[in-house]
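J.: Right, I'll just put the structure down here and ask away after.
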Amino acid sequence: MAFTQDELKQQVAKAAIEYVKSGIIGVGTGSTANYFIDELAKVKHKIDGAVASSEASADRLRKHGIEVFDLNSVNSMDIYVDGADEITEHMHMLKGGGGALTREKIVAAVAKTFICICDETKYVPVLGKFPLPVEVLPMAKSYVARELTKLGGQPQLRNFTTDNGNVILDVHGLVIKDPIAMEATINQMVGVVTNGLFAARPANILLLATKDGVKTITK
Ligand code: 5RP
C-alpha cells in the first residue's frame with residue numbers, strides 16, 4: 001500500500017510516543033512535530049509538560065492543554081523529539097526549514113536523547129540538497145552572505161523573521177561532506193546566531209517512516 005508523505009509523518013509521530021515516559025518533553029517544530037504534538041495530547045496525563053522550540057509549537061501544545069515550560073526553569077529533560085529536512089546514516093541533520101533552528105538546537109542541547117522523526121524522503125547520503133538555513137542578526141546579513149559565498153554556496157534571504165527577531169539566509173548549492181567542520185566554520189562567522197547543521201550534537205535515535213513501516217535506527 002502506498003502512503004502519502006503526510007501519512008508517513010503521522011505514523012512516525014505515533015511511533016515516537018513509545019519514548020514518552022514522564023517529566024518534561026522537548027518538542028520540535030514543523031509538520032512532523034505538529035503530528036507528534038497531537039499524539040502527545042493523547043498521553044498528556046503521563047507528563048508534567050513540554051518545552052517548545054518555537055512559538056508555533058508552544059501555541060499548539062497549549063491548545064491541547066499541555067503546560068509549556070520556559071527552558072530556564074528546566075534542569076533536565078530525557079527526550080527531545082523533532083523532524084529534520086535531511087538526515088544521514090551518521091545521524092547528522094540539516095534542519096531549519098521552518099526557521100526554528102536556533103531554539104531547536106538549544107532545546108536539543110539540554111535533552112539527553114534526541115529522537116529524530118522523519119519520513120524516508122529525508123534520509124540522504126550527503127547533506128546539502130536542501131538549502132542550509134543560517135540565522136543571522138539583521139545588520140550582518142550582507143556580510144555573512146558574502147562569507148557564505150566564499151564557501152561555495154549561494155545564499156538567499158528568506159522573507160521571514162525568526163522568533164528571535166533575526167533573519168534567515170538559505171544557502172543553496174552546498175555539498176556538505178564534513179558536517180561537523182562546516183557547522184563550526186559557519187558558526188564562527190560574526191553575526192551568525194546559528195546554522196541548521198546539527199552534527200556536533202547528532203540525533204541519538206532516528207525513527208524513519210518507510211512504506212514498509214517505521215524503522216528504528218541508532219548509531
Ligand atoms: C523546523 C525544522 C523541521 O524539523 C524541518 O523543517 C522538518 O519539517 P517538516 O516536519 O515540516 O518536514 O527544522 O525549523
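Backbone N, Cα and C atoms are what each Cβ position is placed from, and that goes for glycine too.
Checked TrEMBL, it gives:
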- E104: active site, proton acceptor (ACT_SITE)
- T29, G30, S31, T32, D82, G83, A84, D85, K95, G96, G97, G98, K122: substrate binding site (BINDING)
J.: Cβ under 6 Å from ligand 1: which of the binding-site residues T29, G97, K122 qualify?
T.: T29, G97
J.: According to DSSP, does S31 (substrate binding site) sit in a helix, a strand, or coil?
T.: helix
J.: Record lists T29, G30, S31, T32, D82, G83, A84, D85, K95, G96, G97, G98, K122 as binding substrate; longest Cα-Cα distance in Å?
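T.: Result: 16 Å between the two most distant Cα atoms.
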J.: In the structure shown, which of the binding-site residues T29, S31 has the fewest Cβ neighbours within 10 Å?
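T.: Comparing Cβ neighbour counts within 10 Å for the binding-site residues T29, S31 gives S31.
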J.: Around G97 (substrate binding site), how many other C-beta atoms are within 10 angstroms of its C-beta?
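T.: Excluding its own Cβ, the number within 10 Å is 20.
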J.: Compute the centroid of the Cβ atoms of T29, G30, S31, T32, D82, G83, A84, D85, K95, G96, G97, G98, K122, then list the same-chain residues not in that set whose Cβ lies within 8 Å of it, in sequence order, for the substrate site.
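T.: My list of surrounding residues reads G28, A33.
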